[in-house]
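**Student:** Have a look at the structure that comes next, please.
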Amino acid sequence: MKQVHFFILWFFVLNLYSIKAQAGCRTPNGENARCVPINNCKILYDSVLTSDPEVIRFLRASQCGYNGQPLVCCGSSASYQPPPTSASIRNRRPELLPNDCGYQVEADKILNGDDTVPEEFPWTAMIGYKNSSNFEQFACGGSLINNRYIVTAAHCVAGRVLRVVGALNKVRLGEWNTATDPDCYGAVRVCVPDKPIDLGIEETIQHPDYVDGSKDRYHDIALIRLNRQVEFTNYIRPVCLPQPNEEVQVGQRLTVVGWGRTETGQYSTIKQKLAVPVVHAEQCAKTFGAAGVRVRSSQLCAGGEKAKDSCGGDSGGPLLAERANQQFFLEGLVSFGATCGTEGWPGIYTKVGKYRDWIEGNIRP
């Protein structure tokens, strides 16, 4: 503890003025916050012993006074976080995102372990690719947000996936079991009356600040405009988007959905669901920092439980929070992680709420 106090005094130039604790302030990232003693700000206090020069610079820039001990402007981050680029406010079209979103038809929820039933998560999309030999496969996921747009990861529409897997070919909605037609389930073999639909891709819009090949995968988000409007059914419905200022809580269990690899290493034919806990941002940053990856506030960490995580085929797929009235919100997009299901290593998700303005500014009727 004495060592920590020494470093605190070493970090900060002790200004000759005093400021009232709990006064309003603005962090180096421009976030409105409160000026508090350093030991009352866990996110900054825990980073005092860092050797990262940028974090040290951020700590010093966070000092907002001195009142017996350094006071700091205590926000949500301990490092500089360039805000996501958003479209001009005048171009935003929030009315194109439906209010009737995030609902699913009530059904028996569990068939076998993490299997879903056909009515669950009806916004889940499969993104298909075709290579030069006309071989087709689904390699990414996405989520329907209105009758014309899918939101997915930028790495699913650009870069390596196009070189290795093939060109973007189609989007499938309303799928449940890729091995059966029609989809039937249960002891009495209840069959889904609607077939899945395949739609063409009119346009893809990746975030302008996404850098292909970056190990940090900042701004890993993209939109796919379908070639026609979608009619909503019990098996095809849009998900809700969170507001930019809405945050999930550490320990809160969210649901990741997709057809990715199971614990056997095989891709599932049935749409899967898995509950994963939200991990503290600073703990996640420390874990991945050891591997040279810097996690930002525009990213969300969840998982880290042994043999429980999203895997390769789920890239771009949804991480969901269930709120009041059983309404689901798209909190994250599967971006990347360590080896699938490795204990202590959570998955990294693009935090969708941080990009709502960008989404609203890039969709059209």
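The backbone N, Cα and C atoms fix where each Cβ goes, glycine too.
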**Student:** Could you pull the disulfide partner of Cys41 out of Cys64, Cys73, Cys74, Cys101, going by Swiss-Prot?
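**Tutor:** As annotated by Swiss-Prot, the paired cysteine is Cys74.
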**Student:** I want to verify the bond table. Which candidate from Cys25, Cys140 sits on the other end of the disulfide that Swiss-Prot records for Cys73?
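**Tutor:** That would be Cys25, the partner Swiss-Prot lists for Cys73.
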**Student:** Among Cys284, Cys340, which cysteine does Swiss-Prot link to Cys301 through a disulfide?
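**Tutor:** Looking through Cys284, Cys340, the record in Swiss-Prot gives Cys284 as the partner of Cys301.
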**Student:** Around the Ca(2+) site recorded as Glu175, Asn177, Thr180, Asp183, what other same-chain residues have a C-beta within 8 angstroms of the site's C-beta center?
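**Tutor:** Other same-chain residues near the Ca(2+) site: Pro118, Trp176, Thr178, Ala179, Asp181, Pro182, Val192, Pro196, Thr269, Ile270.
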**Student:** Which of Cys41, Cys73, Cys74, Cys140, Cys284 (the disulfide-bonded residues) has the most other Cβ atoms within 10 Å?
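**Tutor:** Of the disulfide-bonded residues Cys41, Cys73, Cys74, Cys140, Cys284, the most buried by Cβ count within 10 Å is Cys140.
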**Student:** Which site among Glu175, Asp183, Asp220 has the most other CB atoms no more than 10 Å from its CB, taking these as recorded positions?
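**Tutor:** When each Cβ's neighbours within 10 Å are tallied, Asp220 leads.
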**Student:** Under a three-state reading of DSSP, tell me whether Ser315 (active site, charge relay system) is helix, strand or coil.
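**Tutor:** Coil, per DSSP.
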**Student:** Work through the recorded positions one by one (His155, Cys191, Cys301) and name whichever has its CA nearest to the CA of Cys35 (disulfide bond).
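**Tutor:** Nearest by Cα distance to Cys35 (disulfide bond): Cys301.
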